[in-house]
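J.: Before I ask anything, here is the structure I am working with.
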Amino acid sequence: MCLTGVLDDCFCDIESIDVFNNFKIYPLIRQLIERDFFRYYKVNLKRPCPFWPDDGQCAIKDCHVEPCPEVRVHRFLLHYSKAVNTMTEMEACEQAHELGAINSTLSNQSKEAFEDWARHDDAQDNFCELDDETSPDADYVDLLLNPERYTGYKGPSAWRVWNSIYEENCFKPRSVYRPLNPLTPSRGEIRLSLSLFMFALGLCLEKRVFYRLISGLHTSINIHLCAQHLLDEGWGKALWGPNVQEFRRRFDPAETKEEGTRRLKNLYFLFLIELRALFKVAPYFERTFINLYTGNTQEDSITKDLLLQIFNETKGFPMHFDEKSMFAGHKLEAKRLKEEFRLHFKNISRIMDCVGCSKCRLWGKLQTQGLGTALKILFSEMEIKNLPEHSPSKGFQLTRQEIVALLNAFGRLSTSIKELHNFSTLIKEHR
């Protein structure tokens, strides 16, 4: 299965994005997100779902985040230690929460380092605190110890989350129903899904863009689950890898009545949006006094050099999405649409607290915040243009967590596009 052609709502072809990402962006972003600044993400996984009683948890110990034995420490920061995934046979619900449990391994030295990071950030005018970061329930999580992959979290609880996102937040009429499980639609549900797509085409650009962003995020997450699927759990050790059958079930044009193709195109569209945000925010990070602080001068220098390399690559991409086409109408209408964007996205962020699997909730919150940060950047063009060269600005600021989320979320999209190439190769080999 090979995706080709020009994307809607922009003048860019898929083949150009593939070459740009797979050979230029992906190798750099993979290195960047393994650096200490980007591997630790502070998140509150204990916030209750604000919309309905939490019915996605199982009453077993593996549903909760438990402390793990300390890993080795290099200087005062952790370096990655490969965790052995062990599990016994269990009911489907128990298995899902075993696989979805968070590895919360952090040494005392790492915790001391995070306190130092916080003191540094508090002293910087260019950083501001988010409510979630100041919560006593917010903790640092090592993203390398908690990779995004299949956890077994599925069924009504999982679909309820995505249904809520689509039904309540995607600028579509409430008369259009999205099936509980869109991967196995009936004929009537297929017609409804196509009706939703046709309606999306009739939306104004701003609302159509928002819908495609959510669909692209959903697609990217599903690709990660297919690429890191549980293939075998024999002898007490789990084996993870690409599941071609699951991928085809979700995205093959013949098996999805062409829905899979549209989903994949929305992934590319989301990639372009976040790529554009990186291009626009480059001046913020290119100022000499901006550093990605961890307390290790050499580490910080390497990390910033990698980030600047990525920014330089974004400047060479010739087919960026033109965000000026959005909110370009009457000022009052544009202001209303921007506020609608903000409120819809804020609501989606809150829905992520309803995800019943801890690991799924972690990556859902991170990627949602990353996309939210990208939108914040695109809506702050004048503030970024007016940044002072040698001093902080109160007009535009990014918190540490926004920076970590932005680059990790973009890294997830870059990985998804790379995985599409891998799946295309595997499908050809299976023929």
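Backbone N, Cα and C define each Cβ position, glycine as well.
Note that TrEMBL annotation is computational and uncurated.
Okay, these came from TrEMBL:
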type: ACT_SITE; residues: Cys357; note: active site, nucleophile
type: ACT_SITE; residues: Cys360; note: active site
type: BINDING; residues: Arg149, Thr151, Trp162, Ser215, His218, Arg250; note: FAD binding site
type: DISULFID; residues: Cys58-Cys63; note: disulfide bond
type: DISULFID; residues: Cys357-Cys360; note: disulfide bond
J.: Where Trp162 (FAD binding site) and the residue listed as 'active site, nucleophile' are concerned, what is their Cα separation in Å, rounded?
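T.: Cα to Cα, Trp162 (FAD binding site) and the residue listed as 'active site, nucleophile' are separated by 14 Å.
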J.: Could you tell me which of these binding-site residues, Arg149, His218, Arg250, has the fewest other Cβ atoms within 10 Å of its Cβ?
T.: His218
J.: State the count of C-beta atoms found within 10 angstroms of the C-beta of Ser215 (FAD binding site), not counting that atom itself.
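T.: So the number of other Cβ atoms within 10 Å of Ser215 (FAD binding site) is 24.
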J.: Which value in Å gives the longest Cα to Cα span across the FAD site residues Arg149, Thr151, Trp162, Ser215, His218, Arg250 as recorded?
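T.: Between the most distant Cα atoms of the FAD site, 21 Å.
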J.: Measuring Cα to Cα, how many Å separate Cys360 (active site) from Thr151 (FAD binding site)?
T.: 8
J.: Fewest other Cβ atoms within 10 Å: which of the recorded positions Trp162, Cys357 wins that one? Let me know.
T.: Trp162
J.: Could you round the CA separation between Thr151 (FAD binding site) and the residue listed as 'active site, nucleophile' to a whole angstrom and send it over?
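T.: Pair distance, Cα basis, whole Å: 8 Å.
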J.: Going by Cα-Cα distance, which of the binding-site residues (Arg149, Ser215, His218, Arg250) sits nearest to the residue listed as 'active site, nucleophile'?
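T.: It is Arg149, whose Cα lies nearest.
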J.: If you draw a 10 Å sphere around the Cβ of Thr151 (FAD binding site), how many other Cβ atoms fall inside it, taking every protein chain shown into account?
T.: 22
